[in-house]
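In what follows, a structure is listed as structure tokens, so that the remarks can point back to it.
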Amino acid sequence: MTRLSVNVNKIATLRNARGGNVPDVLRVALDCERFGAQGITVHPRPDERHIRRSDVYDLKKALTTEFNIEGNPDERFIRLIEEIRPEQVTMVPDAPDVLTSNAGWDVARNYDHLCRLVERFHAWGIRTSIFIDTDLDNISWAAKTGTDRIELYTEPYAAAYHKDMAAAVQPYVKASVHAHSLGLGINAGHDLNLDNLRYFAERLPYLDEVSIGHALIADALYLGLEETIRQYRDQLAL
């Protein structure tokens, strides 16, 4: 069964919009676990416009499910990972001012850098994942780095879903089969929601994990957090 990791960045965005500690990121994350989430994801950025470094430390102390930290692996991020030692680190090639992740790694061009990162994170006992598009050659390069997993960037799937579902998912099916043949685990994330998730999960073989934040938190405004997580888990209970 594919695991659901809830990204709590949007909770931090809401908190920071007003100041103070409402909503409480830690409490929401723990409630997500209690309601059935199988992991918690955060993506701290240098300007701390949502998740703060202090949040990351607080979450590490309290979480009982897998903790996944995403981010651009600059030296500050690497130091944070060394201190926190999450279960998984997802390397994302974000520019500091980007609104949200919008592309995967060109692994061939960044191969030596990613190899060094994977080796470093493995030395600390951390599972690694490289954020990536569906290009098969790029996935082959990712496997050569020694990474444990890739995370497929799913915004193109979500954007094309209502035009032609089969065509939208096909590159991801091929990417998943190829990655699995190379010994890679497969994660996925970006713009997955209650409308498009089941179709994606049903057709994608070997899908280990999805991380979902924006859509899930938006749905929770109407459905409540517990019911929302239940519905997302149902989409993955294949």
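Including glycine, each Cβ sits where the backbone N, Cα and C put it.
Annotated features, as they stand in Swiss-Prot:
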| type | residues | note |
| --- | --- | --- |
| BINDING | N7, R18, D191, G213, H214 | 3-amino-2-oxopropyl phosphate binding site |
| ACT_SITE | H43 | active site, proton acceptor |
| BINDING | R45, H50, T100 | 1-deoxy-D-xylulose 5-phosphate binding site |
| ACT_SITE | E70 | active site, proton acceptor |
| SITE | E151 | site 'Transition state stabilizer' |
| ACT_SITE | H190 | active site, proton donor |
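If you measure from the Cα atom of E70 (active site, proton acceptor) to that of H43 (active site, proton acceptor), you get 5 Å. By the criterion of other Cβ atoms within 10 Å of the residue's own Cβ, the least surrounded of the recorded positions R18, H50, H190 is R18. Under DSSP, E70 (active site, proton acceptor) is assigned to a strand (E or B) in the three-state scheme. When the recorded positions R45, H50, E151 are screened for a C-alpha within 10 angstroms of the C-alpha of G213 (3-amino-2-oxopropyl phosphate binding site), no residue qualifies. R18 (3-amino-2-oxopropyl phosphate binding site) has H50 as its nearest neighbour among the recorded positions H43, H50, H190, going by CA to CA distance. A Cα-Cα distance of 9 Å separates H190 (active site, proton donor) from H214 (3-amino-2-oxopropyl phosphate binding site). Residues N7, R18, D191, G213, H214 are recorded as binding 3-amino-2-oxopropyl phosphate; their most distant pair of Cα atoms lies 26 Å apart. In the three-state DSSP scheme, H214 (3-amino-2-oxopropyl phosphate binding site) is classed as helix. Remark: of the recorded positions E70, E151, D191, the most isolated position is D191 (fewest other Cβ atoms within 10 Å of its Cβ).
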